[in-house]
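What follows is a set of notes on a single structure, which appears directly below.
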Amino acid sequence: MRTVHDDELKKILKIMSPGTSLREGLDNILRAKTGGLIVLGDNEEILDLVDGGFNINSEYSPAYIYELAKMDGALVLTSDRKRILYANAQLMPNQSISTFETGTRHRTAQRVAKQTNKIAIAISQRRNIITVYKGDIKYVLRDSAVILSKANQAIQTLEKYVAVLERVTNNLNILEFQDLATLFDVTTAIQRTEMVMRIVEEIEGYIIELGNEGRLISMQLNELVRSIEQDGVLLIRDYCYDKMEYNDVYKEIQELSAEDLLDLDIIAKELGYVGKSLIDTLVSPRGYRISNKVPRIPSNVIENLVGHFGKLKYILEAGNEELDQVEGIGEARARAIKNGLRRIREQVALNKNL
């Protein structure tokens with residue numbers, strides 16, 4: 001499971017992504033060049049800041065807020081964005097709250113957001129941009145065409161990184177079946193997997209911001225990554241030191257800086273190999289990753305299989321009778337595992353010759 005970064009910002013962007021009725025209303029105001037200040041919140045803390053204006057309490061619609069934004073005051077919407085509570089209201093946040101904004105709307109929006117920890121949106125009349133505030137978060141919404149261009153560039157980059165990862169992984173597969181994998185091969189595969197996943201995270205951010213305009217990008221992403229993260233986690237589980245929790249190791253690798261990720265010795269250290277030569281240290285996989293590729297074998301059976309034999313090489317050497325002794329594996333499943341591993345080995349050898 002990936003560590004969630006900027007979770008609060010992603011939630012905000014989801015609310016305001018293209019295709020939502022709120023974004024439609026904001027875009028209408030933007031095109032009209034009237035400017036606007038909108039607050040999402042109906043709790044007492046927000047309502048105490050409202051001075052004057054009209055208590056509308058009307059159902060929300062993009063057309064309504066477009067018309068109401070023509071007045072100078074702020075609009076107050078319910079947190080679920082289903083009703084418009086106030087229009088043309090003056091907001092009176094605490095003036096001692098620091099803000100580096102210059103325009104009146106933006107200063108008020110930032111202060112309200114900091115004071116109440118609710119979403120405040122300022123639409124600039126002259127600069128033609130939408131700025132969102134919540135707590136200490138400030139984010140300027142970008143045009144969909146700009147985000148789409150960045151997302152397409154990121155997809156192209158991802159394709160190249162996935163191609164490199166596939167080459168590295170296939171090389172590791174060959175070495176694992178021969179029990180000749182070195183620490184260098186393993187750390188390189190983990191490094192490349194993490195690089196791919198970081199690009200995936202960036203693209204997922206673009207998809208959230210694109211809303212319904214990001215469907216094609218989302219389809220391309222799903223086609224490219226498939227089971228890459230799962231394979232990466234199982235790779236760590238195969239090679240991390242016995243007493244280490246593989247999920248904790250995965251989290252530590254996610255927290256590495258871009259510079260540290262380029263250092264294979266640091267990745268080896270995270271796996272528990274301190275002061276070991278990357279090239280000269282032979283390591284044997286436990287077999288979680290390769291066993292997981294055998295079709296129709298439940299995860300609990302794989303746990304029992306690896307728990308019984310300990311290493312992939314012993315699983316490969318085991319006959320049907322030995323496999324049959326493992327809990328959850330009968331005669332039919334033993335044959336399925338043996339044949340499945342044989343087919344995977346043949347496929348790996350075939351890829352080597354391509």
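Just so it is clear, glycine is given a Cβ too, placed from its N, Cα and C backbone atoms.
Matching LEU85, LEU91 to the ATP binding residues that Swiss-Prot gives (GLY73, THR104, ARG105, HIS106, ARG107, THR108) identifies LEU91. Most Cβ neighbours within 10 Å, among the binding-site residues THR104, THR108: THR108 holds that distinction in the structure as shown.
Annotation for the binding-site residues GLY73, ARG105, HIS106, ARG107: lowest Cβ count within 10 Å of the residue's own Cβ, ARG107. In the predicted model, the domain 'DAC' (6-144) has a mean pLDDT of 94. The record gives GLY73, LEU91, THR104, ARG105, HIS106, ARG107, THR108 for ATP. Within 8 Å of the mean position of their Cβ atoms, the other Cβ atoms in that chain belong to LEU37, ALA74, GLY103, ALA109, ALA122.
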